[in-house]
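Positions annotated as active site, nucleophile by TrEMBL: Cys2. The annotation active site, for Fru-6P isomerization activity is assigned in TrEMBL to Lys603. Residues or ranges marked as domain 'Glutamine amidotransferase type-2' by TrEMBL: 2-216. Taken from TrEMBL, the feature domain 'SIS' covers 283-424, 457-598.
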Amino acid sequence: MCGIVGASGPGNQVPQLVKALSRLEYRGYDSCGIALQATGRIRSVRTLRRVTDLEQRLTTLGLESTTCIAHTRWATHGAPSEINAHPIMSGDAIAVVHNGIIENYQTLRIALSSRGYTFHSETDTEVIAHLIHSEYTGDLLVAVRRAVKQLHGAYAIAVLCANEPERLVAARSGSPLVVGIGAEHNYLASDCWALHHLTDRFIYLDDGDVALITPERIQIIDADGRDAQRPLFRVKAHDSAVDLGPHQHFMQKEIFEQPKAVRDTLAAIDTISPSLFGAGVDARKLLSEVDNVLLLGCGTSYYAGLTAKYWLESIAGISAQVEIASEYRYRETVTNRRTLVVAISQSGETADTIGALDHAKELGEPPATMAICNVATSSIMRATTLAYLTRAGIEMGVASTKAFTTQLVALLLLTLTLARLRGRLTAAQTGEWLDRLRRLPTDIESALALETQIMGWAVDFADLEHALFLGRGMHFPIALEGALKLKEVTYIHAEGYAAGELKHGPLALVSGAMPVVTIAPDDQLFQKLVSNMAEVHARGGRLYVLTDSSSAFDTAKDGRLIRMRDGAGMLSPILRVIPLQLLAYHVGCLRGTDVDKPRNLAKSVTVE
Ligand code: G6P
């Protein structure tokens, strides 16, 4: 999704800023641009193409600057086009880059038009540029503060003013922004990852903050107009994440990193205890008080929550609801004040999940809130009392893979902790669970070894336009995730279904042209699933079955089989998803899609 970077300091900052922008490319974008201070005026360069194109154009034009802002845009208001790409200017005086959505932009646009402002783009951002221009009386910081007071919605902005050559002003509300502190330079970004080649010292702006950034100083003014001090964080870079190694794409690399990601996520654990979820807070007291769990997330993180519901109810004996964050935040719900609210998000910046968490807090629902997240410094991690940091490492592929499996591990640890607190597990049983979890990385390696067989399946799928994924019980969410992965990276229309629902509608779609992927472990629902598969077979559907090594299947009758190791038990969803990730990846490669950056999608969805 949209990315912001900015820099102010001696020397030409353009090459560093372009590099910073390229570090945000993995998040997905459709256009990009830069605005720079150049001897008393602002120059702006925008392109509908990649950051490398922007770089070439800057080199050709020979543009240099000490103070600049740049942006990758993921279109919300207005089609992807050069005219809608940021920076957006107000005349020659003000340049703005913006992440987020201004909800009252129509009203503001009418008001500004009546005051003589002309709009050139279809963006909501243009109202911000003109609003700042209209409020400007010689001090950019003051003008931005006045302007943002009139905005409704979510935003992170960076602003340049032609009259103030070394000054960069930033503001945020609902979208992340971080200031990077250098030796002689200061920087700005929507994600500290963008700046890791420049600094490891960061200040996170709070909602309502407006900041002035010059080479010498950072001045932050909070929502109430007071000077604010925000803590300085040191955040180490993990630059190995940007090397593909022997892999062709980040998605493949990240699928194969799952044994390590799970091992790292479990690394510091020698026992199951509430303290896993919070050091400085009384996690035991908070978790002992809950009798219900509400899991909130979007996309793949939502499916992690759906899987955890099965674990929480059967292992911990605690009721659990899973809500799509964008739905929950606007729904009237019945409040249970003994609810643990768990926000699941790999990025920790998803606007809907943050909104849902805020909504739960406003309802007075939770005695405890918990983040399950892959970014230690993210907004969601800072907004909850309890947290579990998954250690998947940065995930560059837009389609989540290793972040998902580590979320599942974290949710299983939460389940075991609640089960222990509720007297559902003895110390010995807890120890057995830990042993099984520690074997998980090796079991994942066995699942990854199925890649060649999956590639055989992928050839069959490459020319198709539809697919069904079936699962039952805790594998139903894995069927949903398998279908989501396939549609995200191959653009094949895929649907996940609870296998028992087949006869209630989707069976109408089944013909010789419909592949049906079935997750069929040899568990208590196996015979039921066999009946569901027979329904597909009888209608000429093409079955692709993920089953166990010992289950009784007739390949001639039952379609193509891939057998996985027996005995995964409750850990099975974590293993079964891996062949489905590989299937999506290889089908995407065969179809020639951009598997790491699927069209229209973004990694970190910071708008509603
Ligand atoms: C986007 C990504 C998905 C991700 C979802 C939720 O849609 O493309 O991969 O599952 O956002 O993101 P989160 O960071 O909250 O897990």
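Even glycines carry a Cβ here, placed using N, Cα and C.
Keep in mind the model is a prediction, meaning the values are calculated, not measured.
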Rounded to the nearest Å, what's the C-alpha distance separating Lys603 (active site, for Fru-6P isomerization activity) and Cys2 (active site, nucleophile)? Just drop the number here, would you?
10
Can you break down the domain 'SIS' (457-598) into helix, strand and coil residue counts using DSSP?
73 helix, 30 strand, 39 coil
Using a Cβ-Cβ cut-off under 8 angstroms and a sequence gap of six or more, which residues of the chain neighbour Cys2 (active site, nucleophile)?
Tyr29, His71, Thr72, Arg73, Trp74, His86, His98, Asn99, Gly100, Ser190, Thr606, Val607
Mean of pLDDT values spanning the domain 'SIS' (283-424):
93
Would you mind splitting the domain 'SIS' (283-424) into helix, strand and coil residue counts from DSSP?
64 helix, 29 strand, 49 coil
